[in-house]
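The structure appears right after this line, and notes come after that.
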Amino acid sequence: MNPYVLMILLSSLGLGTTLTFASSHWLLAWMGLEINTLAIAPLMAQHHHPRAVEATTKYFLTQATAAAMILFASTTNAWMTGEWSINNLSNPLANAMFMAALALKIGLAPVHFWMPEVMQGLDLLTGLILSTWQKLAPFALIIQTAQNIDPLLLTLLGATSALVGGWGGLNQTQLRKILAYSSIAHMGWMIIVIQYAPQLTLLALGTYIIMTSATFLTLKMSLTTKISTLATTWSKNPALASTTALVLLSLGGLPPLTGFMPKWMILQELTKQDLPIIATTMALTALISLYFYLRLCYAMTLTVSPNTTNSTTPWRAQTTQTSLPLALLITATLGLLPMTPTILMLAT
């Protein structure tokens, strides 16, 4: 892609998100979300592959549907209350419609079906943008309006997403689909605590972005998109394979890695709110997710390639990717747990 075009598209992505962050009027927020969608569409279709075009079409249709629902919900709210302000979402029908639209935007279960299919059609860097940057603007709106939305709806969305995210990833062999289901599960954790402690949602979102970025850049560095080729990375780069296994365990939420921190604090908050059944359910769904991360770790570090792989070992050309961002993200993914007391002090 032409670097000038790429610069314009990435600037538009930044502009759309910033516009949604800064807006207090529904139309401005909607406009930011639309700029975001239109800016990422050419990045998704840049390889001119049928799968990429199909993924772009699916993504565009779902995002356009969600944007139309947001516009309809905000118009309904303005019609009932005479207010266009984001903080004044007092109509119950508009509330429910708005939450459904934002759930569709970020891929929460049960409106998550587009997410794995779209992710599978993209290259790893565009998939990274879709999994991380594209979540920011909708989350800004959810955090602003969470206090007006029915708590039961938020709890159901969160628990269902965590369960579906764990369950859906169990039988996948494609790494991008596994990461899509991982994204759905993490979104569930963020949504379930948003009504009690929005600062924990922000913490979970931040750690999720760090861990997912580290995972995507690692896969990009080792040119891997399937579990079968993941098994052959050990012979090429043992150090990267070792750190990748730890990054995956961090995504699963195992101590003493960074991914344990948000899960631990969210479970603590749910227990404080006298919701032991929901806390137990979330902990059990985390175990389901952990299974497929362990499966990836097993394929990567405990199988001796090529004896156990049925695929042809691919040629591995020397990558031109700069390794500094990857090194920083892996360090953050593995070692931020000791910062927990500081983060607790800042969050309260």
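Every residue number used here counts from 1 along the chain in the order it is shown.
Using N, Cα and C of the backbone, Cβ positions are placed for all residues, glycine too.
Here is what TrEMBL records for this protein:
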- 23-288: domain 'NADH:quinone oxidoreductase/Mrp antiporter transmembrane' (DOMAIN)
- 57-76: transmembrane segment (TRANSMEM)
- 96-115: transmembrane segment (TRANSMEM)
- 152-171: transmembrane segment (TRANSMEM)
- 178-196: transmembrane segment (TRANSMEM)
- 202-219: transmembrane segment (TRANSMEM)
- 239-257: transmembrane segment (TRANSMEM)
- 277-294: transmembrane segment (TRANSMEM)
- 290-344: domain 'NADH dehydrogenase subunit 2 C-terminal' (DOMAIN)
- 326-347: transmembrane segment (TRANSMEM)
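Residues 96, 99, 103, 108-110, 112, 116, 146, 177-178, 181-195, 278, 281-282, 285-289, 291-292 of the same chain lie 6+ residues outside the transmembrane segment (152-171) yet bring a C-beta within less than 8 angstroms of a C-beta in it. Taking Cβ pairs closer than 8 Å, the transmembrane segment (326-347) reaches residues 197, 199-200, 203, 207, 210-211, 213-214, 217-218, 221, 243, 246-247, 250, 255-261, 264-265 in its own chain, all 6 or more past its ends. Using a Cβ-Cβ cut-off under 8 Å and counting only residues 6 or more beyond its ends in the same chain, the transmembrane segment (57-76) has close neighbours at 26-27, 29-30, 33-34, 37, 40-41, 44, 84, 91, 93-95, 97-98, 100-102, 104-105, 114, 117-118, 121, 130.
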